[in-house]
Amino acid sequence: MGGPQSRPNPQTPLREPLVAHGGPNSAKEMKLHKLYLVANVSGTTEPDDADAYLESVSAALADGIRLVQFRAKQFPAAVQWELGAKVAALCAAYNASLIVNDRADLALALDASGVHLPATGMPVSAARRLMEWRFVGASCHSVAEAIRAEEDGADYVTLSPIFPTASKPGYGPPLGLHQLKTAAHALTIPVFALGGITSENKYDCLEAGAWGVASTRALT
């Protein structure tokens with residue numbers, strides 16, 4: 001035995017995706033894959049910015065991403081709907097699962113696979129009642145928050161920040177792989193590592209027990 005252990009091929013799932021089936025009147029099947037793109041809308045709603053955003057989502061899907069979170073909370077509801085509908089169409093074309101950030105109503109209107117709740121969002125238990133069989137995810141910044149989210153009915157959580165990152169300056173020091181491992185062992189639902197994730201350290205997160213990794217950049 002001996003010798004270095006080869007790391008897994010990033011295109012090969014370490015686990016089968018978590019699958020949820022639609023309600024009694026739906027043949028829809030939704031999958032929670034291990035690579036999770038948080039597609040945050042930045043810039044403005046000018047056509048050029050919107051086109052660039054959609055092109056980046058399309059490129060990520062073409063590269064193999066099959067789980068996308070649409071996040072545009074700073075824009076009016078009408079803009080979120082218009083852009084979200086285009087993202088939903090892209091995801092449908094690639095048979096990818098779409099999760100909507102914060103807005104359970106928008107997730108339902110777009111026939112998305114689920115909603116992802118920020119730490120300051122609506123209670124998980126309330127979203128659970130609205131979303132029924134669809135995924136409900138929750139942003140967590142400690143093991144205790146993650147445990148509470150599962151108790152309240154979340155289907156998965158993101159735990160962040162695992163590594164140093166400029167995008168989450170207000171959440172204290174990085175939790176590190178030890179806290180990620182603790183959360184992965186304490187919970188029975190999938191835990192996604194978030195914050196400072198790269199194509200290299202994603203393997204460390206998976207080896208620590210994370211179901212998958214989430215990032216604002218496509219990791220393939």
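Positions of Cβ are set from backbone N, Cα and C atoms, glycine also.
The 4-amino-2-methyl-5-(diphosphooxymethyl)pyrimidine binding site feature in TrEMBL is assigned to Gln69, Phe70, Arg71, Ala72, Lys73, Asn101, Ser139, Lys168. Residues or ranges marked as Mg(2+) binding site in TrEMBL: Asp102. According to TrEMBL, the feature domain 'Thiamine phosphate synthase/TenI' maps to 48-219. Under the heading region 'Disordered', TrEMBL lists 1-23.
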CB within-chain contacts under 8 A for Asn101 (4-amino-2-methyl-5-(diphosphooxymethyl)pyrimidine binding site), separation at least 6: Val38, Gln69, Phe70, Arg71, Ala72, Lys73, Val115, His116, Pro118
Rounded distance in angstrom between the Cα atoms of the residue listed as 'Mg(2+) binding site' and Ser139 (4-amino-2-methyl-5-(diphosphooxymethyl)pyrimidine binding site): 10
Number of Cβ atoms other than its own within 10 Å, given for Arg71 (4-amino-2-methyl-5-(diphosphooxymethyl)pyrimidine binding site): 21
For the domain 'Thiamine phosphate synthase/TenI' (48-219), mean pLDDT (0 to 100): 95
The residue listed as 'Mg(2+) binding site': secondary structure state under DSSP, collapsed to three categories: coil
Gln69 (4-amino-2-methyl-5-(diphosphooxymethyl)pyrimidine binding site): secondary structure state under DSSP, collapsed to three categories: strand
Number of other Cβ atoms within 10 Å of the Cβ of Ala72 (4-amino-2-methyl-5-(diphosphooxymethyl)pyrimidine binding site) across all protein chains: 24
Secondary structure at Ser139 (4-amino-2-methyl-5-(diphosphooxymethyl)pyrimidine binding site), reduced by DSSP to three states: strand
